[in-house]
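Asker: Structure in structure tokens, see below.
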Amino acid sequence: MNYRFQNLLGAPYRGGNALVVNNTLLISPVGNRVSVTDLIKSETITLPSQSSSNLRRIAASPDGVFLLAIDENNRCLFINLRRRAVLHRITFKHPVAAAKFSPDGQLIAVAAGKLLQIWRSPGFRKEFFPFELIRTFTDCNDRITSLDWSPGSDYVLAGSKDLTARLFCLKKSPKYNKPFLFLGHRDVIVGAFFGTDKKTNKVCRVYTISRDGAIFSWGYSEMDRNFDEPMEIASEPESPGTPEQGQGDNAEGDSDSRVKKRKNFDGKEGTLDLEDRFQLHKLKWELLKKDFLMQAPAKLTACDYHRGLDMAVFGFSNGVFGLYQMPDFVCIHLLSISREKITTAGFNDLGNWLTFGCARLGQLLVWEWKSESYILKQQGHYFDVNCLAYSPDSQLVATGADDNKIKVWTVSSGFCFVTFSEHTNAVTALHFMPGNHCLLSASLDGTVRAWDLFRYRNFRTFTTPTSKQFVSLASDQSGEVICAGTLDSFEIFVWSMKTGRLLDVLSGHEGPVHGLMFSPTNTTLASSSWDRTVRLWDVFEGKGAVETFPHTHDVLTVVYRPDGKQLACSTLDGHIHFWDPIEGLLMHTIEGRRDIAGGRLMTDRRSAANSTSGKCFTSLCYSADGSYILAGGNSKYICMYDVADQVLLRRFQITHNLSLDGVLDILNSKNMTESGPLNLIDDDNSDTEEGVDKQVRNKLAYDLPGSMPNHGRPVIRTKCLRIAPTGRNWAAATTEGVLIYSMDESFIFDPTDLDVDVTPEAVDAALKENQTSRALILSLRLNEDSLLKKCIIGVSPADIPAVASSVPVKYIQRLVEALAYLLESCPHLEFLLRWCQELCKIHGHSIQQNSRNLLPALKSLQKSITRLHQDLADTCNSNEYLLRYLCSASDAK
């Protein structure tokens with residue numbers, strides 16, 4: 001029962017900046033969490049730490065160890081990426097638009113409103129007050145939008161909304177108190193970057209970029225003085241005037257003539273240090289303006305600069321991006337990736353990969369500009385996920401959503417490897433056929449489709465004489481009969497999988513059929529409906545409904561226990577009813593309304609403790625052994641109940657994101673006004689083009705009066721729950737995406753059959769004396785993973801049958817779980833397969849008698865063996881073709 005959060009699937013990118021650390025790890029915000037994608041291994045993980053609201057800005061240290069994540073409430077998490085743990089927390093007093101680590105990783109520059117704050121990076125030190133504010137600059141007249149550090153970590157360049165960029169010096173001296181101003185732009189500064197000389201790594205220019213597409217390159221010249229004299233700077237340096245637009249090449253030549261070069265001691269020209277005054281080097285970039293401002297009214301929304309390559313990438317509001325070589329502004333690539341605004345753009349450390357994000361499409365792209373190919377094109381579900389299904393071997397998860405798409409994910413890597421988009425309306429139900437290679441889907445577009453996971457195509461479509469809206473789906477154990485329940489006609493349609501023909505229409509329900517499931521042991525079909533009944537049908541005999549279980553409220557879903565001897569259904573009053581399908585008797589009832597209660601909507605007039613109306617379970621799922629059941633619905637909680645004792649074992653809170661509605665239990669009375677909640681009053685008059693929009697789906701129903709009383713703010717809920725056949729993990733389709741919870745792999749002490757002689761030292765002593773059977777039993781009694789693996793590997797291949805026969809029956813489940821884990825991580829494949837074979841030979845009868853309790857462990861073992869078989873099959877096939885080629889080549893000679 002020790003489940004904990006493992007991953008988040010299907011959640012789209014909604015805004016904020018994305019960055020690449022260590023050249024291979026793409027870090028991006030996903031709601032109030034952080035997603036880390038390994039671009040080489042094609043793996044995605046989501047950090048378990050949560051912020052209080054959606055993340056607005058992230059920054060990573062140069063060595064990729066620490067991560068700074070700042071949310072919409074200006075609360076910051078300081079995270080250790082390698083340990084995936086939160087080290088420190090801090091709350092800023094002003095909205096943070098930009099944050100960046102210094103090149104040496106010792107300092108952090110934070111743009112908090114109009115203030116530029118320099119903080120000392122906490123690192124690994126344990127301190128009472130880890131964040132130390134070193135200096136605060138208050139010279140900006142408006143919000144700071146971009147930051148950049150000089151290579152020596154002594155200077156910070158800040159672009160502001162007041163159309164200027166400022167150069168701040170961290171040296172505490174009176175002559176450095178006032179920043180140097182870069183003037184001349186006519187729109188908000190989007191980016192400001194230091195340009196360095198490739199040979200000396202000294203700053204030789206500054207680039208300032210505004211939203212209207214203007215880019216200025218600034219150089220500096222030396223004042224008349226001797227090199228032996230100390231370098232002085234005027235306390236109030238003069239700022240260059242506003243350049244005239246459209247001066248062309250003449251103005252550029254004039255500015256070049258004003259640039260002076262310093263003579264080094266060897267007589268060669270070189271660059272100056274950063275303390276010298278800056279002056280305008282080139283005027284407004286006319287080519288960019290002509291291409292994007294006149295022909296297409298697009299604004300520059302994202303940019304980044306790579307010092308090593310002296311290249312810049314720009315993203316525009318019409319989905320076009322440009323890659324340019326600096327400082328000559330030579331266009332290398334100019335392509336369109338979408339029609340929506342690019343909200344983030346950046347380089348990796350080597351500069352060979354470009355990262356783009358589009359919040360309106362919910363996708364992140366990684367593009368290699370040299371080969372002009374995509375490294376990553378990952379996109380989650382744009383709208384809420386309605387349903388999900390595990391494959392029989394628990395390796396795959398399929399998800400269907402309101403965006404009419406079906407995605408199939410690999411659980412271990414968190415990657416989507418195929419997307420089906422043939423449905424023309426929301427996908428409402430999914431079901432894997434036996435054999436792991438066929439997927440069924442039902443949709444509101446009136447079709448049920450079968451998908452081939454080998455060829456990735458829709459090979460069969462089931463339809464009805466008149467268009468219906470399907471909301472539930474089921475298949476018998478043989479996979480020959482397909483059933484689907486409707487929303488509008490209250491009927492159940494039955495098709496043949498082989499021929500695709502409609503076999504029967506089951507009528508009798510008087511409400512939408514939202515639950516369908518075949519019995520695992522026979523051909524009985526159970527259906528639940530809003531007409532307050534659960535009906536059992538004999539599909540093959542054609543006798544119609546053979547049993548009806550009445551209820552006092554609408555029945556929302558129905559599930560069978562894996563052994564087929566119990567039926568569970570949830571009703572609108574928040575109760576879970578357990579029936580004996582053979583005897584037709586009600587076994588017991590769980591009153592779960594108070595368990596699921598929690599969280600208030602902003603429009604609620606009652607407290608969360610008293611507001612239980614509408615709290616009900618819309619999805620149920622039995623564990624693999626049938627000992628407990630998971631229940632989720634219109635709440636922020638998922639409840640786990642013990643079936644035999646009808647007690648609540650655990651409640652999982654699926655999110656702490658305050659950007660969603662229904663998370664807070666107690667609302668702040670200060671936010672209540674005579675016109676309603678203060679958060680629902682739309683007083684946002686900021687320019688939406690200047691940065692990252694709020695979540696796009698929040699604005700979908702603004703113009704529809706009365707359609708969404710909370711202004712489209714998503715309400716937290718659970719739409720579907722599924723436990724993996726192995727029982728090691730389970731998934732929940734929620735408002736934020738698909739949450740994956742798995743068993744905690746950490747050590748769990750089980751004091752079964754322990755005495756003073758059962759110690760780790762005794763296990764080591766038995767292994768040294770070659771008493772492998774005794775050592776294995778001692779490690780099983782201790783139930784410690786490291787000792788158990790050591791004892792299994794320490795058995796010689798010839799002694800495996802004898803040692804396996806000495807294992808007591810009560811330890812078989814633990815031994816099978818250890819073998820399943822070793823098959824995924826240990827290279828001794830043949831050795832472990834011999835262990836599995838001997839264990840099944842010797843204890844086959846006991847395994848069959850106790851199959852219900854051993855089913856999760858056996859499913860895990862099957863999953864590991866199937867995965868290895870697939871990997872070896874590909875390798876063997878490639879070797880076979882290579883050997884055939886070599887043999888044919890030798891015969892030809």
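From the backbone N, Cα and C atoms, a Cβ is placed for every residue, glycine too.
All TrEMBL annotations are machine predictions without curation.
OK, TrEMBL features for this one:
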type   : residues : note
DOMAIN : 783-888  : domain 'Small-subunit processome Utp12'
REGION : 232-262  : region 'Disordered'
REPEAT : 378-419  : repeat 'WD'
REPEAT : 420-461  : repeat 'WD'
REPEAT : 506-547  : repeat 'WD'
REPEAT : 548-580  : repeat 'WD'
Asker: Quick test of the contact rule: Cβ under 8 Å, at least six residues beyond the ends. What residues does that give for the repeat 'WD' (548-580)?
Answerer: 511, 514-522, 526-536, 586-594, 596, 612, 615-622, 624-626, 629, 631, 633, 641, 643, 852, 855
Asker: Given a Cβ distance threshold of under 8 angstroms, which distant residues of the chain, six or more beyond its ends, lie next to the repeat 'WD' (506-547)?
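Answerer: For the repeat 'WD' (506-547), the nonlocal Cβ contacts are 471-477, 481, 483-488, 490-494, 553-560, 562-564, 567, 569, 571, 579, 581, 584.
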Asker: What does DSSP give as the helix, strand and coil breakdown of the repeat 'WD' (378-419)?
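Answerer: For that range the per-state counts are 0 helix, 24 strand, 18 coil.
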Asker: To what whole number does the mean pLDDT across the repeat 'WD' (548-580) round?
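Answerer: Summing pLDDT over the repeat 'WD' (548-580) and dividing by its length gives 93.
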